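Per Swiss-Prot, the feature site 'Transition state stabilizer' maps to ASN119; the stated evidence is similarity to another entry. What Swiss-Prot lists as NAD(+) binding site is GLY192, SER193, PRO194, LYS195, ILE196, GLY197. Here Swiss-Prot flags GLU214 as active site, proton acceptor. Taken from Swiss-Prot, the feature active site, nucleophile covers CYS252.
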Amino acid sequence: MEAMKETVEESLREMRETFASGRTRSLKWRKAQIGAIYEMVKDNEDKICNALFQDLGKHSTEAFRDELGVVLRTATVAINCLDKWAVPKHSKLPLLFYPAKGKVISEPYGTVLVLSSWNFPISLSLDPLIGAIAAGNTVLLKSSELSPNASAFLAKTIPAYLDTKAIKVIEGGPDVATILLQHQWDKIFFTGSPKIGRIIMAAAAQHLTPVTLELGGKCPTIVDHHTISKNIKSVVKRIAGGKWGSCNGQACISVDYVLIEKSFAPTLIDMLKPTIKSFFGENPKESGCLSRIANKHHVQRLSRLLSDPRVQASIVYGGSIDEDKLYVEPTILLDPPLDSEIMNEEIFGPILPIITVRDIQESIGIINTKPKPLAIYAFTNDENLKTRILSETSSGSVTFNDVMIQYMCDALPFGGVGESGIGRYHGKYSFDCFSHEKAIMEGSLGMDLEARYPPWNNFKLTFIRLAFREAYFKLILLMLGLKR
């Protein structure tokens with residue numbers, strides 16, 4: 001660990017010197033680095049897909065959709081839009097401040113720490129890295145040890161493409177993360193669990209370092225069968241895809257549980273079963289399209305969630321586990337107890353509880369008994385229900401009539417609220433995430449108002465009162481001695 005401490009200290013010293021040199025403030029440099037990330041992904045597509053298969057059993061199509069494609073688009077958007085993002089924003093000042101001028105400029109924080117996650121180890125590393133570079137920072141990326149092949153790829157390949165004095169990669173486990181967090185950073189970006197997020201935030205507080213925490217939570221899906229019955233097949237496919245089709249439920253925005261009226265629950269279950277088979281075949285364990293569970297620890301965690309006798313009794317499909325093959329069968333539960341652990345912990349796996357309600361409007365109350373989720377999904381064409389969801393719940397995002405697609409849309413901010421996260425990124429929001437917006441005001445020495453200065457009197461007090469109210473006509477009368 002002494003060697004790692006020295007490595008971290010030397011990396012920090014070099015990155016700070018590089019930032020102080022001003023090199024990273026050049027838009028040309030930023031575009032070149034982002035372009036290099038694009039080329040790195042394009043040149044190494046097969047290697048990346050192989051790493052993701054080795055780590056998580058991801059099919060190459062899923063890997064491109066959820067990881068490589070995301071990074072390539074992020075890089076393209078950043079290069080094409082960076083000039084516009086970086087332009088100072090001129091502010092229209094109130095007449096009260098005439099003839100002063102105001103603007104806001106985006107300046108980089110400095111040296112940034114990015115701590116990425118294991119479930120999407122390429123996109124959750126390179127996406128924030130692109131944002132940090134676009135804003136002009138130097139960056140140290142700590143990849144996740146739980147995706148060792150993807151982590152090794154990043155550690156080996158990034159230095160071959162990017163400026164090694166400004167952008168560095170360090171591998172390692174919690175002990176390395178602890179060393180990193182003992183140092184002062186200008187910004188910390190973390191993707192992971194709320195439990196670790198609290199540790200990150202506590203460490204950042206020692207230096208008053210700003211943080212962005214991309215966490216998770218139990219993302220509910222409301223199914224209002226009354227208004228979407230004509231499209232129910234699409235609804236079922238989207239729910240199944242949102243639970244099992246993206247890292248096998250190991251995603252912070254996966255469908256965690258479904259809320260549906262009791263009368264329609266059997267129909268939904270009967271439609272989900274053949275949909276799962278159409279996606280993954282009769283034996284999902286042998287399917288090349290179903291990602292595996294990350295490691296034995298997570299298999300055991302999921303097994304523990306299912307071990308509650310009350311939860312066992314609610315299994316209506318699946319439930320088998322093969323720890324040696326890191327396999328948990330796609331599983332459907334019908335009405336597990338709301339006080340069970342599985343209904344109070346983010347599942348992060350291929351288990352789908354279906355919770356029934358008498359009336360779909362009651363689903364809002366159930367959502368509000370839990371911490372604010374990263375996403376709420378609702379399949380409905382009822383405008384009143386949509387309005388209630390938006391006004392009576394709080395979440396990082398709300399998506400109607402689809403699932404997870406909001407993550408791909410860089411025109412929208414992505415981030416949580418409360419226990420599901422702090423801050424937002426994607427597209428322009430990534431640039432803002434890694435930038436400090438500095439207010440600039442340029443005054444004039446050509447006009448000086450004595451009302452600003454002591455000694456105080458009633459005239460000056462009246463002047464100040466009117467100025468705060470922007471009562472300009474009355475101010476003129478006051479100055480002309482026509483109103484007191």
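Just so you know, glycine gets a Cβ as well, placed from its N, Cα and C.
Other than the site residues GLY192, SER193, PRO194, LYS195, ILE196, GLY197, same-chain residues with C-beta atoms no more than 8 angstroms from the centre of those residues' C-beta atoms, the NAD(+) site, are PHE190, ARG198, ILE199, ILE200, LEU213, LEU215, GLY216.
Neighbour counts of Cβ atoms within 10 Å were compared across the binding-site residues GLY192, PRO194, GLY197; the minimum falls on PRO194. For the recorded positions listed here (ILE196, CYS252), the lowest count of other CB atoms within 10 A around the CB belongs to ILE196. Classification of PRO194 (NAD(+) binding site) by DSSP places it within a helix. When other Cβ atoms within 10 Å of the Cβ of ASN119 (site 'Transition state stabilizer') are tallied across all protein chains shown, the result is 29. Within 10 Å (C-alpha to C-alpha) of GLU214 (active site, proton acceptor) lies none of the recorded positions ASN119, LYS195, ILE196. Under the DSSP three-state reduction, the residue listed as 'active site, nucleophile' is assigned to coil, being neither helix nor strand.
Taking CA atoms as the reference points, PRO194 (NAD(+) binding site) and ASN119 (site 'Transition state stabilizer') are 15 Å apart. DSSP assigns ASN119 (site 'Transition state stabilizer') to coil in the three-state reduction, outside any helix or strand.
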